[in-house]
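A short write-up of the structure that comes next.
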Amino acid sequence: MLPLLKKLYLTFARSSRIIITLVIIDQLSKWWFIDNLRWKPDLMLKFTSFLNMVYTWNYGISFGLMREYYQYSNAIFLITNTIIVCYLYYLMIRSKTIGSFAGYSFVIGGAVGNLIDRFFRGAVFDFIHFHYQNYSFPVFNLADCFITIGVIILIEDYYSTKKVIEEKAKGNYDNAQIEAMAEKIRNTDKGGNDKIASLQN
């Protein structure tokens, strides 16, 4: 029981630093752009020819989906996202690699950042807008970036771990083959020596 509690405490202590840092960065960025963009003409701040900061409230899910069902979707996604965050935290506690631990921490940090928006503001604030000529990428925020980074880390960690396991299994298989061949040679040599000994007798 004590080792389990110690593991839970250490996991909480390590992950909290990452998650809280990401949430603070996300919320500070939203606070700054909410405070500054609302007074800009067209609610927009142009950074480059392909990047704008825009004042946008997302009442749906990612990329503005289901915004027409806002009065139902906000409560539903508050509940479902909270459940998902709790499940991800459970997976993080069980993670066995640094990569998976970091990946889950980033995903949880981003998810909590957007959950705070939904709970206190009733919608998620998005402000980063990439566009090129006639193409316009859906507006997003730093929390979405953290979630994406976390997913990429988890995918990379999965395939790296899988490769290590396969190489280890292959190494064990090769060692078993070598041992079997050595045993066969020893048996063959023993049989040959017995025949020689019988001839000598």
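Every residue gets a Cβ built from N, Cα and C, even glycine.
Residues or ranges marked as active site in Swiss-Prot (evidence: sequence analysis): ASP126, ASP144. Residues or ranges marked as transmembrane segment by Swiss-Prot: 73-93, 97-117, 135-155.
Residue with the densest Cβ environment among the active-site residues ASP126, ASP144: ASP126, by other Cβ atoms within 10 Å. Sequence-distant contacts of the transmembrane segment (135-155) (same chain, six or more residues past either end, CB-CB distance under 8 Å): 22, 25-26, 29-30, 54, 56, 58, 62-64, 99-100, 102-111, 113-114, 117, 124-129. Look at ASP126 (active site): DSSP puts it in a strand. Rounded to a whole number, the C-alpha distance linking ASP126 (active site) with ASP144 (active site) is 9 angstrom.
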